[in-house]
């Protein structure tokens, strides 16, 4: 009989540096403690804590539970008149009491996910300079590149930061160049790391690289807080990114770096440059690819198609499309033993000009080049539109990242269904109005045989009296667990083999493997348990390849799960133990990670 995770947690691993059991050291008292969101409990401070930390007279006398605080906070949240107002309310709460903030979201995850992340966070980013109240995160700008190292050094000692999320703001959430407002996407991603994988909130660092902006509305706005200049490119830009990476490695040598929402021509190039050097990840390039690949893995198991044989058409070959193609290519290579070049021959990429061909090389991005087909193979064959390619390739899998609504027509889908028993069709473009097809149509056109996942939430589909859940390819079920595995193992690198291991773990949790009417991917409400399984797979792969810098990692499956869970932060109030400032760590003084900036409203960027 398996031991309950919390029993393992409390009994065996309390000595670990990232342990989340037992009391927390705290050197703050009085109003300074109440201003520190990582420690603040508000009305939930116990009688003993109020005495020890000199809180009498600063709080109402009645002591409440966390659940009672959540009830009150939810009523306040629900009273806000718009999604953006709700988003702003949540930001204010995060600045006051982090445990309450995360507990509230945890208890209402399905409802609040779109408020704290896409699409509402996109509205907050667009209005960043007008909603601004106090700075959060590290602001680095290209005109002060010589100060990058000093600026990063303010955020703690070398062992204090586990994850850095950095964005240059060029391509944010489908809303384009948002300049310095990108700090909010870095913060939002870190919220998901904490919420979905239990990364310690005070051990995170959001960063924006302000390189200017090509958004004319921002440049014309006197209230815009970023550099009022056109976006810098070329050698100066590359040197700035390099200065950031080198300074981050020097100050926080074990931190995992997550690149977010870089522009089309920089995202893949930067990732390719630094992947052989550091443990890093780009959610736009790799995250969507990983979760999509997991859905494909599940679909191939259901349909009985082997990796050696699978044929895939990618409709839309930008950052997301080629990122997905890359993950699929890596998986084919790992699963079959083929070279990457041979694995790539099982993927056909289609973009605005039609099928990508080698004769188009001058117009292709570096990420598209590996998928360009030989012109001789297509001489005399139609390849200028999706239907023509479908007729020739006869794919098992059709993936859409084109933002071309309705592109997967009845004719296209039924042509695909002529040649394969279970067509695997993933219309992934966001938002919903840009989807290549509606799930209901895909079921109707294939007589219920299609295996479907989408890029946005859709209600269940009814076909012949049965309801079928539609899986959402939500990156949030993937990247947090990968980051957790990277942090706990301190892997030196994040190679394709670790990502494939993560994808296998995610695919193994698919509800459709047990119930044919269920989704091809798990729901985001189950994400913390999913993150444990993904982290376990990443850690095991890192150990196998001798990439782990943490030693004495348990090899037994059950022991490893207990070891992981002990180091996952939970939104619960822990007992505070007073320590004199002379003996306190930066954490105990509220001076590490995001605690540094949130303590002081006078901090200046």
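Cβ atoms are placed via backbone N, Cα and C, with glycine included.
As recorded in TrEMBL:
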DOMAIN    94-275  domain 'Malic enzyme N-terminal'
ACT_SITE  117  active site, proton donor
ACT_SITE  189  active site, proton acceptor
BINDING   260, 261, 284  divalent metal cation binding site
DOMAIN    285-543  domain 'Malic enzyme NAD-binding'
BINDING   430, 474  (S)-malate binding site
Inter-residue Cα distance where the pair is residue 261 (divalent metal cation binding site) and residue 117 (active site, proton donor), in Å: 14
Distance, residue 189 (active site, proton acceptor) to residue 260 (divalent metal cation binding site) (CA atoms, angstrom): 9
Cα separation, residue 474 ((S)-malate binding site) to residue 284 (divalent metal cation binding site) (Å, whole number): 12
Local confidence of the domain 'Malic enzyme N-terminal' (94-275) - pLDDT mean: 95
Inter-residue Cα distance where the pair is residue 189 (active site, proton acceptor) and residue 474 ((S)-malate binding site), in Å: 13
Inter-residue C-alpha distance, residue 261 (divalent metal cation binding site) and residue 430 ((S)-malate binding site) (nearest angstrom): 15
Cβ-based isolation winner (fewest other Cβ atoms within 10 Å) among the binding-site residues 260, 261, 284: 284
Listed in sequence order, residues not in 260, 261, 284 with Cβ within 8 Å of the centre of the divalent metal cation site Cβ atoms: 167, 171, 172, 185, 259, 262, 267, 282, 283
Residues near residue 430 ((S)-malate binding site) in space but at least six apart in sequence (CB under 8 A): 118, 174, 403, 455, 456
Residue 189 (active site, proton acceptor) CB neighbourhood, other CB atoms within 10 A: 27
All-chain count of other Cβ atoms within 10 Å of residue 117 (active site, proton donor): 21
